[in-house]
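S.K.: Let me give you the structure first, and then I'll get to my questions.
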Number of protein chains: 2
Amino acid sequence: METFFRYNWIVREQWYTWCADLPPEELLRQRTGGAGSILKTFFHVIDVEWSWLQLLQGKPDEAEDFAHYQTLGAVRDLDRKLHLDVELFVRAWEPSMEKRAYIDRRTDGHVELAAWGEIVRHVIAHEIHHMGQLSVWARELGEEPVSANVIGKRLIQPD
Amino acid sequence: METFFRYNWIVREQWYTWCADLPPEELLRQRTGGAGSILKTFFHVIDVEWSWLQLLQGKPDEAEDFAHYQTLGAVRDLDRKLHLDVELFVRAWEPSMEKRAYIDRRTDGHVELAAWGEIVRHVIAHEIHHMGQLSVWARELGEEPVSANVIGKRLIQPD
């Protein structure tokens, strides 16, 4: 599980570097799909990752307001702050947690059970999905997107 | 590992159903990003999934030609055919394969080692990334994209 998280963190950093070369107004420009803008998509990815892992641990997950994070620097600072919690959880992940039940109480009173393994994979897939959206926006801007390759990032040392 | 593959296969089927409601010319229309069109993106995802798993097994991975797969039905038939090989490999996956070395011989004579665990994750992330691209194209068409949610697909039965 940790391998996929480390992949996402590497790719996210590469996208931040890519963003730093864009005119800042492009980061906030409204676009079709995703979370509506490049910067808001990063904010959303960071928020979803942290919030789900907080929920699993029964910890508070107060939603942040994107209005306070309107620059790349502010989003990266938030990411660095939340990452401390995220990384602790990911490093402590064990296969025995896969089937642990999470009780998902919906606002309509409806209750669903989900397995921790599903929620952790949701967090992983969520980010990859949104980075795919960014890659289309990059091409629309006439820019080369960040590679989504897992291979070549030295994530696992082969025997 | 199997959980992520099953997720991708469910989502892919949902996208096929989504595609069936589109005018056929939209499937082949050139778009920005991805593999250039909706149908070619599916073809590419199917091809990459199958080819990497064949390579790991030292089996032939003759590239198919997209020119022969210009309808949703033809792509789905190819998918069903290749899926037999893919599913056998995925079901036989064991954690002991994670660090097994794959020797990647590039056309320029350069040789790189990759771990099987990296390649299998590459295949998984590759599809999720491309489905993210489809979701932007769906919004550009004024359509609701298929959900990328992992939660709610009954992939793991919680304890």
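Yeah, the Cβs are placed from backbone N, Cα and C, and that goes for glycine too.
Features from TrEMBL:
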BINDING   B:H44, B:H126, B:H130  divalent metal cation binding site
S.K.: For each of B:H44, B:H126, B:H130, count the other CB atoms within 10 A of its CB; which of these binding-site residues has the top count?
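M.R.: Top count of Cβ atoms within 10 Å goes to B:H130.
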S.K.: For the divalent metal cation site (B:H44, B:H126, B:H130), what does the 8 A shell look like? I mean other same-chain residues with CB within 8 A of the CB centroid.
M.R.: B:G34, B:A35, B:T41, B:V45, B:V48, B:E127, B:H129
S.K.: For chain A, give the subset of the binding-site residues B:H44, B:H126, B:H130 whose C-beta is less than 8 angstroms from one of that chain's C-beta atoms, in sequence order, otherwise 'none'.
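M.R.: Qualifying residues, whose Cβ lies under 8 Å from chain A: B:H126, B:H130.
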